[in-house]
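Peer 1: Structure provided below as structure tokens; questions to follow.
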Amino acid sequence: MKVARFQKIPNGENETMIPVLTSKKASELPVSEVASILQADLQNGLNKCEVSHRRAFHGWNEFDISEDEPLWKKYISQFKNPLIMLLLASAVISVLMHQFDDAVSITVAILIVVTVAFVQEYRSEKSLEELSKLVPPECHCVREGKLEHTLARDLVPGDTVCLSVGDRVPADLRLFEAVDLSIDESSLTGETTPCSKVTAPQPAATNGDLASRSNIAFMGTLVRCGKAKGVVIGTGENSEFGEVFKMMQAEEAPKTPLQKSMDLLGKQLSFYSFGIIGIIMLVGWLLGKDILEMFTISVSLAVAAIPEGLPIVVTVTLALGVMRMVKKRAIVKKLPIVETLGCCNVICSDKTGTLTKNEMTVTHIFTSDGLHAEVTGVGYNQFGEVIVDGDVVHGFYNPAVSRIVEAGCVCNDAVIRNNTLMGKPTEGALIALAMKMGLDGLQQDYIRKAEYPFSSEQKWMAVKCVHRTQQDRPEICFMKGAYEQVIKYCTTYQSKGQTLTLTQQQRDVYQQEKARMGSAGLRVLALASGPELGQLTFLGLVGIIDPPRTGVKEAVTTLIASGVSIKMITGDSQETAVAIASRLGLYSKTSQSVSGEEIDAMDVQQLSQIVPKVAVFYRASPRHKMKIIKSLQKNGSVVAMTGDGVNDAVALKAADIGVAMGQTGTDVCKEAADMILVDDDFQTIMSAIEEGKGIYNNIKNFVRFQLSTSIAALTLISLATLMNFPNPLNAMQILWINIIMDGPPAQSLGVEPVDKDVIRKPPRNWKDSILTKNLILKILVSSIIIVCGTLFVFWRELRDNVITPRDTTMTFTCFVFFDMFNALSSRSQTKSVFEIGLCSNRMFCYAVLGSIMGQLLVIYFPPLQKVFQTESLSILDLLFLLGLTSSVCIVAEIIKKVERSREKIQKHVSSTSSSFLEV
């Protein structure tokens, strides 16, 4: 086995040694020796020059995915379509029968059809590739003595990486610091129980397999508990995960329910189309028509009538919609979620950072002896003052206040550097408070001996320390957390410099003050200190404000009005939670609030009975989210659930739409989620729901257009054959219609701008088919108008009973113009084209103009006239056709107008009856 290797990279006059170290060897060596081999500075990290030199040799910390098959092969594969092969056979037969004009025409048409299909498929693949790049993994590493937030792909061997709960390990690391560290290695070893990690060297005899290397954190594994630091020993394919990656190239993504239904619809239409086409061939042959001509037309009709492009365009529309959502700060990781967004009727949202800004500022202090202090200033900086009875407090001037500040500063993992917070906002607020009093240096005065990390279950954090200058004295514990939890560990309280026994009367005083601060919308933290966790002295309370995000109240109002119920989940007290919810318009007189303890006391059945009326879940933890989701889903709700912590991952997977926070969310949480809010803003959820509804509407518009064209083409040829008319369209003309049907005009319907009124529509029932009765009726009406209009033109031109190029040109152009007007009316199912704006969808305008220009070339350009067997038409002919074909759009607009009028009448009757009942 390879142990270590070195490569010289020229660097001017000097040469840099680039090492590679295996995880087995690194686990056996002391940390100091590993650092020496890697030429790494564990505390200060590498400098930029060293990083660039090492990357020159090792490359980026990512995997090389084998190149896809070349484009020419993908293009050739399009010819494997059975219908295309039949057309090619038709062209070959034409050559053998010396019908060279037909052979050339069919070949040109085949090339155009194949090219359009290839471009569609390539575009679909590229759109999906873009989706996979939306969430690049990130990490924290130390470089040049500073902690940096960087992309995981930037790491090189020798980098120092910091890990915390919820992180995905970005490379193979030899750990040199570990506090209560537990890592889930199931993705690598298959072992579901998290592995405890240490820093001591492992004897060679005991580290044969990966699971036994307890001082190595492997790339791709997940930190479940604790925190650590490690030095990078392997990146990319030189990591242990690199070997696994070679065996687990990504499988093809499963299709979305909508794609599956479109596949099924396509197969059903194909079945019916082949049946009808078979009858057309048989009847044509019995009527004595040319068998080769009938065969070519039938195959061309199959190409046009069978909507093979339906699933591809659906995929492209979904993918392009997802890319539009990115601009609105929402990253959708899985295409099915785009469909689900339009069905969402319940949003369960965390309060902190989603409904509120997550910009914590301490505004009030209450000491254990009843002293009140007001705090000024905002942000993570030293600008502001602590004021007691009108006097500014600084340093240790007021011991009761300074002891609270000391506890909050020492029992803290946050760092504020250059007014930038690195850590949790709540802890940042406590550091900023210490900075205002000039006590932020207290963090460095203590040496930690033990740590009890915060968890959403226990709702407190504690550290055991000794003073740096008094290490011979007993250790002291500092604790901060929810008042109800911290007070359990307290036996005494401070009053005017004295330590007194904590009585029930004193507890009641603190409880009342906590309730008063909470009802003002403040997040309340309790602080304590003492020799042991069970013998702490209560120091007091701090009130932290977290203002609501701008625009959230308006978003909440809009969503509730559209039929989406919103429920707030928070770890705060009832008073704080209800105060914030009321301010946001979430909580009304008829609303209920339920605590985490009450959720524990109920089963899913009991909770499902009251959950529709509950607007606030307070003192709730991630484990309660699972029960809330199940109770809502039991009632038939489609639930979106937000989360940011490791323990939220299970709930996010169980929800119909799991929503992770982009800024505060852990890697585990982001991986479990279906959607990531880049800015952690609740408004972004509303924008995503709006976009989801809009995308679904666009797909309905596209389906309406394509199916009406398919049905019209089939019906036209069928009726002409059964009525013993000459064929109104030849094979090349039918294939041209197919290009329009599957090409740019159709695809441009998928990118129609979202109608702003769509957010006010109620959520869609997820059981509803995309082909509603109303949509089927509109498809049939459009098809009938197109068929009748085209047959009328054909009959009108055929009155001399002799079919000429002019006859087919008029019929062909009539069908194409009908198609363009049909596409125009399909842009919206409810609004007039003038309401949405003729030019609001530029891509549609370009597509229609391009199709019309193409049609004019087919009519007037001699080489194409020969291919499509057309002849020039007069201006009067074109004006006549434009007037006739506009009828499909006019009728569609009349239907929309009637539907809107009927809807207004129903609303008026409904409001009148409700007013009557109230009276």
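Even glycines carry a Cβ here, placed using N, Cα and C.
These numbers come from a predicted model, not from an experiment.
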Peer 1: Answer with yes or no whether Swiss-Prot records ALA103 and THR721 within the same membrane-side topological domain.
Peer 2: yes
Peer 1: Tally every other Cβ atom lying within 10 Å of the Cβ atom of ASN738 (Ca(2+) binding site).
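Peer 2: Here the count is 28.
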Peer 1: Measure the Cβ-based neighbour count of ASP644 (Mg(2+) binding site), defined as the other Cβ atoms within 10 Å of its Cβ.
Peer 2: 27
Peer 1: Does the chain bring the transmembrane segment (842-860) near the transmembrane segment (771-793), so that three or more CB pairs sit under 8 Å (pairs 6 or more apart in sequence)?
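Peer 2: Not in contact, no.
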Peer 1: Ranking 730-750, 771-793, 809-828, 876-896 by Cβ pairs under 8 Å to the transmembrane segment (700-719), which is first?
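Peer 2: Counting Cβ pairs under 8 Å, the winner is 771-793.
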Peer 1: Summarise the topological domain 'Lumenal' (283-294) as counts of helix, strand and coil residues per DSSP.
Peer 2: 8 helix, 0 strand, 4 coil
Peer 1: Six or more residues beyond either end and a Cβ under 8 Å away: which residues meet both conditions relative to the topological domain 'Lumenal' (794-808)?
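Peer 2: Apart from its flanks, the topological domain 'Lumenal' (794-808) reaches 720, 725-726, 728-730, 733, 869-871, 873.
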Peer 1: For ASP644 (Mg(2+) binding site) and ASN738 (Ca(2+) binding site), what Cα-Cα distance in Å is obtained after rounding to a whole number?
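Peer 2: The Cα atom of ASP644 (Mg(2+) binding site) is 48 Å away from the Cα atom of ASN738 (Ca(2+) binding site).
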Peer 1: Helix, strand or coil at ASP644 (Mg(2+) binding site), per DSSP?
Peer 2: coil
